[in-house]
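Following: one structure in structure tokens, then a few remarks.
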Amino acid sequence: MLVLGVESTAHTFSIGVVKDGVVLGQLGKTYIPPGGGGIHPREAAEHHARVAPSILRQLLGQLGVGLSDIGAVAYAAGPGLGPALRVGAVLARALAIRLGVPVVPVHHGVAHIEVARYATGACDPLVVLISGGHTVVAGYSDGRYRVFGETLDVAIGNAIDMFAREVGLGFPGVPAVEKCAESAETVVPFPMPIVGQDLSYAGLATHALQLVKRGVPLPVVCRSLVETAYYMLAEVVERALAYTRKREVVVAGGVARSRRLKEILRAVGEEHGAVVKVVPDEYAGDNGAMIALTGYYAYRRGVYTTPEGSFVRQRWRLDSVDVPWFRDLCPVTTYI
């Protein structure tokens with residue numbers, strides 16, 4: 001069975017195709033705000049609507065797949081930017097109506113997790129989901145991904161992006177800040193706001209900007225910012241590993257590309273006897289393949305709707321989503 005997936009939650013519009021649980025391919029384009037500014041939801045939506053037809057035609061042509069071959073259409077229903085989400089939902093509905101096939105609403109964060117499990121072969125991992133919109137440490141229990149710790153305000157990627165934008169390092173901010181940090185040999189103290197198992201990143205970007213204004217060299221501030229942000233996350237991961245005693249950690253989301261973060265998390269995993277598996281770069285950022293894959297899993301378990309019943313949800317918690325397919329992919333394991 002072929003499932004087509006549409007991703008449009010934020011700055012990236014992407015389409016992917018999955019056949020019987022195997023990713024055939026994906027193609028996408030990213031909206032880059034003019035002047036390195038923040039994402040304007042309406043402008044991102046206009047970008048997505050503009051590029052969607054050509055991406056669909058090009059991907060299907062590359063794969064040698066016809067629209068009539070598609071058995072279901074999945075789309076990222078949330079969380080995300082409302083105008084951008086609606087572009088993907090409208091395309092999914094239109095295709096489903098034309099083809100007479102079901103529509104599968106997919107949670108963006110769950111899709112990041114599932115494509116990471118697919119690509120790394122992880123079975124029952126502790127999940128570290130880190131991106132521009134997510135900072136969550138979670139694990140499967142009783143039909144859902146349960147959250148052990150999360151950001152109380154902005155996501156780790158968003159905080160670093162905001163700082164990068166303000167100091168002129170451009171977008172995306174995480175690789176730019178890490179590159180800037182490479183020339184620094186020292187760090188300066190930063191607050192580490194960890195509340196129980198939860199994190200607060202909003203103040204880190206503000207503190208970093210204050211240091212720049214005081215004349216602290218930019219590379220030193222960059223290194224201090226990323227080290228603090230990553231060690232805060234590592235602290236929560238370590239506590240979750242101690243509690244769950246899981247033997248696998250899967251790192252998913254766009255920030256998973258960070259070389260320094262991989263080093264820190266692998267050190268934590270080694271201390272607790274857990275193997276840290278990082279999603280490959282091709283599936284780290286927002287992509288249509290993860291939506292198609294999760295849509296395929298959901299469809300097989302009867303989780304789908306009609307075009308008339310398909311909606312978007314700008315706010316949608318990860319731990320409110322049922323994942324009835326989890327045991328299908330990991331039949332022999334222990335669950336917390």
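Heads up, the Cβ atoms here are built off N, Cα and C, so glycines get one too.
Note that the structure is a prediction, hence the values are computed from the model and not measured.
Taken verbatim from Swiss-Prot:
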type	residues	note
BINDING	H108, H112, D286	Fe cation binding site
BINDING	L129, I130, S131, G132, G133, D161, E178, S258	substrate binding site
C-alpha spacing of D286 (Fe cation binding site) relative to E178 (substrate binding site), in angstrom: 20
Residue pair D161 (substrate binding site), D286 (Fe cation binding site) - Cα distance, angstrom, rounded: 16
Pairwise Cα distance for H112 (Fe cation binding site)/L129 (substrate binding site) [Å, integer]: 8
Residues flanking the Fe cation site, with Cβ no more than 8 Å from the Cβ centroid of H108, H112, D286 and excluding those residues themselves: E7, T9, A76, G109, A111, S131, G133, H134, G253, N287, M290, I291
Cβ contacts of D286 (Fe cation binding site) (under 8 Å, same chain, 6 or more positions away): E7, T9, A10, H11, T12, S14, G28, H108, S131, G254
Maximum Cα-Cα separation (Å), residues L129, I130, S131, G132, G133, D161, E178, S258 listed as binding substrate: 19
CB within-chain contacts under 8 A for I130 (substrate binding site), separation at least 6: V136, A155, I156, G157, L233, V251, A252, G253, G254, V255, A256, L261
Listed binding-site residues (G132, G133), ranked by Cβ neighbours within 10 Å, top entry: G132
Binding-site residues (D161, E178), the one with most neighbouring Cβ atoms at 10 Å: D161
